[in-house]
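Participant: The following block contains the structure, expressed as structure tokens.
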Amino acid sequence: MVSSTTPSSGEYLLEMSGINKSFPGVKALDNVNLKVRPHSIHALMGENGAGKSTLLKCLFGIYQKDSGTILFQGKEIDFHSAKEALENGISMVHQELNLVLQRSVMDNMWLGRYPTKGMFVDQDKMYRETKAIFDELDIDIDPRAPVGTLSVSQMQMIEIAKAFSYNAKIVIMDEPTSSLTEKEVNHLFTIIRKLKERGCGIVYISHKMEEIFQLCDEVTVLRDGQWIATEPLAGLTMDKIIAMMVGRSLNQRFPDKENKPGEVILEVRNLTSLRQPSIRDVSFDLHKGEILGIAGLVGAKRTDIVETLFGIREKSAGTITLHGKKINNHNANEAINHGFALVTEERRSTGIYAYLDIGFNSLISNIRNYKNKVGLLDNSRMKSDTQWVIDSMRVKTPGHRTQIGSLSGGNQQKVIIGRWLLTQPEILMLDEPTRGIDVGAKFEIYQLIAELAKKGKGIIIISSEMPELLGITDRILVMSNGLVSGIVDTKTTTQSEILRLASLHL
């Protein structure tokens, strides 16, 4: 509902003032403000659990606020659904895209509001209007193409174009670059800036600090459900924003590299995957206590390396030698028995059972070892080991019966790492271990990884964040199109050198 009363000064497109929201026993929002100007890109920042999602759900009417006012284009609003918000000019591009993969691009653009000619859908008009919007936003996608054939970045372009078709004045973007290549990110930024030029106010949510400084004009920081500050980006530093988010100064983004790697524990020679296109002739050593990074552009086949080592992919050639003895991991069980562990890239889809508790999620990789002599599960040992995961990984939770899906991304990741440590691995492989995790939790994950290396674990980390690889690893193996293009020492290499190597075999 849009009220005709309470005009604003006209300086802001959206004004959320003094927003309060409580749930039983929890004050989720405490006097929170968010004010977005036209022709601006406004970062909304805070750790997971800071209140960002709750605030936006109050805006879209998914939650009803307890008190406070929301003005949009000078009029007080009180929406009761996301559909109502969209029809009135407020749109959101979610991290989990909301498109029908089996339908065409233009069907998705106009779903529920098809242009008609008599009793039938006017396909020609739908095509023309879709094409006109795409041309205006410089989007090169065939309106008739099935959405299921497109890349993630192209799907995001469609979501943005759909918002544009509703004449949205406020567009909220939630972690829009989490699965994009650098080239796709740059194209996305071009489109976002075009929306800004046309008078839109963009609310941009991201944990990637570099993007915030590259793209945004202002930032609002929330912490523990409270509004901390709204300031122009031009007057801030990365350290200042981090301090506002976590409530303390983080003197360093990465732990000190105090550990000295020991003898070689893993030798990989000419590793080639059976399924093609994939990795070819990959060779490297991993030392005891070493953190080895794997870098490369999207499509470089970084993940294929750890999946082949873990027995998910079958190798067609090459050798894997552990402590001087050649081994073959034909499946994940063999890999686990040989001391390998893999924390996968997609935490939500392949890492956790979101609706089950921390106890189940902590023990699932090792559940057979909890059977007693008569074949029953030893509940006492299971509870003890779950508590070990919670304590040693410093998981913030009310208890082991808590549903893991209710935890922050950082705490979910700690449970997954703890789960694998219960298998007592020698080689721990982590694929994008801090994706979607806030800055404070990232540092905690880095500390855990550094501590594991100090205890002699051999660690392999795949990451798309170059500062992360340079900050926590000892060496970086650079992949390009399935081939190793170089192995560099992080003490002496540069980001530009890694990018040069990553482009070598394209």
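Using the three backbone atoms N, Cα and C, a Cβ is placed for every residue, glycine included.
Straight from Swiss-Prot, here's the annotation block:
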DOMAIN    14-249  domain 'ABC transporter 1'
BINDING   Gly46, Glu47, Asn48, Gly49, Ala50, Gly51, Lys52, Ser53  ATP binding site
DOMAIN    264-506  domain 'ABC transporter 2'
Participant: Around the C-beta of Gly51 (ATP binding site), how many further C-beta atoms are within 10 angstroms, looking at every protein chain?
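Facilitator: I get 24 for this one.
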Participant: Can you name every residue in this chain, apart from Gly46, Glu47, Asn48, Gly49, Ala50, Gly51, Lys52, Ser53, with its Cβ inside 8 Å of the center of the Cβ atoms of the recorded ATP site?
Facilitator: Leu222, Asp438
Participant: In three-state terms from DSSP, label Gly51 (ATP binding site) for me.
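Facilitator: SS state of Gly51 (ATP binding site) = coil.
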Participant: Take the Cβ of Lys52 (ATP binding site) and count every other Cβ within 10 Å, whichever protein chain it belongs to.
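Facilitator: Result for Lys52 (ATP binding site): 20 neighbouring Cβ atoms inside 10 Å.
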Participant: Measuring CB to CB from Gly46 (ATP binding site), give everything in the same chain under 8 Å that is also at least six residues away in sequence.
Facilitator: Lys52, Val221, Leu222, Arg223, Met245, Asp438
Participant: I'd like the Cβ neighbour count for Asn48 (ATP binding site), meaning other Cβ atoms within 10 Å of its Cβ, all protein chains included.
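Facilitator: For Asn48 (ATP binding site), the count of other Cβ atoms within 10 Å is 18.
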